[in-house]
Each structure stands twice: as C-alpha cells, then as structure tokens.
Ligand code: KG4
Ligand code: ZN
C-alpha cells in the first residue's frame, strides 16, 4: 500500500495568514486562516506594511494551531508547500521565511507554489480532477481562463488586459462608500436590484478570451459622480445589480465559449470572486443548458478566498512530480505560471 502523503501548506500573499495540513492532496486535516480584514477596513484596502506586521504576529500561532488540529507533528510532515508568489512582497516574505526555516530545521523538502495554482487546486477537495479542464480564475489580482491537460500544467488562454474582476468590484464598492472588501457587499446589494443602467460588456464578442474591466469601472464611477452632481438619489441596489450583470455576462459568455472550443470535461471556478452568488448561479444554469456533458466544480465558500489548504493541494502534485525548491527560494511578487512548472 502506498504511504500517505502529508503536506504542510503556508499562505501569506495578501491579508490572510493561513496554515493547513492536507493528506494525499485532497483531505483537509486542518485549515486555519487568520484574516486581517478588520485591520484594513478603515483604510479601504489592504495596507502592505500592516499586512506584513500581522503576518509576523500570526504565523507561529496559526502554524501551531494547524498542526494541533490535524493531530500531527512536524516529524509526520512529508514536505512544506508555500506560496512563492504572486502577491505583496512583504507579506509573501513572512510565509516563505517560515517555510524555509521549517524545511531547514526539520530537514524536509520545500515546495514553492504559485498562488493561482493553489486557487485552482482548491477544487480538488470537491472532486477528483479530470482533464482537459478549464478554470475561470477570478480574484482580487487575477482574471484568467486556464486550460489544464494534465496535473500541474497550466495553459493561460485568456486574461484581463487591465483590472482584475475582484479589483473592479472593490473599486466600485469604494465609490459607493462600502467597506473593504467590497465584492461581497456589491454581491448582496445586487441581489436586491435590477440591471437598469446597462453598463458596457467590454470585449464580450471579440475572438480572444481576454477581458477588460476598467471601462466598466469608469462607466460606473462616472454615472455615480453625475448623479451626485445633480443631487439625484442613488439607487445603490440597481447600480450594484447593473455592474454585476455586466461582469457576469462577460465572464460566463467567454467561459462557455472556451469550454466548447477546448472540449473540456470539467469546468472549475477559482479565486475570491468565485464566492459571488450571481456568478455561481449563472454559471450553473448556463453549464446545465449549454454544456450538459461538462462537470462544473465550484469550491465551497470557505475555499474560495485565500487559504493554505489549496496551497498544500497544489504542493502535493508538485511533491508527487518531484518538483522542489531549494533554500535559496525567495518571495517572488511577480511570479508567472511559466516560472513554476506549468505551461
Ligand atoms: O482570491 P482572493 O481572496 O485574494 C486574491 O488572491 O486576490 O480574492 C479577493 C477578492 C476581493 O477583490 C474581494 O472583493 C472578492 O475577491 N470577493 C468577491 C466576493 N467575495 C470576495 N467579489 C464578488 N462577490 C463576492 N461575493
Ligand atoms: Zn487569492
């Protein structure tokens, strides 16, 4: 019988300090996440220096809790997987240095994981992956369509040319005076409004699989400013619903078209914006009606945002493929998929 694989995952790329122990790449023994949202809220966004300080304070506590909840010690761990990038450099450094220190002290292999590979692998806790697959990655920093033909290989077929979807959500939320992170609040408001503003659907019908959200964001902000200048009432629910309808229309149309062209078996949703109710519902409906042979996988809400279980899951594949980092590994805020072991 094959020995079980226990991977310790560490994630600190933005405003969550997270550590997890994962068995055989798909069984979560623990998944501890210390969120800093409360500290960043009053600034309307993540303040890098504050994020780094929190990570320093939290990392040891979160690590001990993750090991304790999993009922294991460092001696039981086969390898340490950590987010190498992309992300905030000062934030990444805390996780990377914790991982390197643990790897050195306990003489364990070190695995540098791409944050987006992690988001995609969060889906493996739901069901086993099948290839070819298409992932719609939508987070605060990324909007990408990724084709996978085998484990650990990522082919980016489309991406945003300007703002990421989550970034656009957070910026329009800020215009309405909503607190950070605004995506969740726009999502809630949208459920109570109508698409009455008909904002543009950028690049919806062009041949590429790329996206653009900055025009939509500007349209939204200009509309709000004009209404305020005229001292007219803001229908926040309709504004949110109209913004969300535009984002969801474009994301879903391009995803369905790509899934058909690449003839995929699975469609995976990944990243913080995967928590969006409007997106989850519409994708579920469209896949059922247009892609009856495709399995749609959507992670539970707890695994949409940043966490370390997803890093351990992606790290397990690299462990099995023998892809390791050495102690010279450094935090890499601009890490590309191509720099890891993909495409
Ligand atoms: O993946 P994530 O936790 O961090 C990054 O890797 O960027 O994504 C965070 C992003 C934020 O922009 C947040 O506003 C957005 O995900 N988000 C949402 C929702 N929940 C979180 N956006 C839209 N609707 C939601 N329900
Ligand atoms: Zn993320």
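Glycine residues also receive a Cβ, built from the backbone N, Cα and C atoms like all the rest.
It should be emphasised that the depicted structure is a prediction, and the values quoted were computed from it without experimental measurement.
Per TrEMBL, Fe cation binding site is recorded for 115, 119, 306. Residues or ranges marked as substrate binding site in TrEMBL: 137, 138, 139, 140, 141, 170, 183, 187, 276.
Positions of the features from TrEMBL, shown on the structure.
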| residue | record | Cβ contacts under 8 Å, 6 or more apart |
| --- | --- | --- |
| 115 | Fe cation binding site | 11, 13, 83, 85, 86, 87, 306, 311, 335 |
| 119 | Fe cation binding site | 137, 139, 270, 271, 274, 310 |
| 141 | substrate binding site | 14, 86, 87, 164, 166, 167 |
| 183 | substrate binding site | 166, 169, 170, 173, 272, 273, 275, 276 |
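Counted over every protein chain shown, other Cβ atoms within 10 Å are most numerous around 276 among the binding-site residues 139, 276. Only 306, in sequence order, out of the binding-site residues 141, 183, 276, 306 have a CB under 6 Å from ligand 2.
According to DSSP, residue 306 (Fe cation binding site) sits in a coil region rather than a helix or strand.
DSSP classifies residue 141 (substrate binding site) as coil under the three-state reduction.
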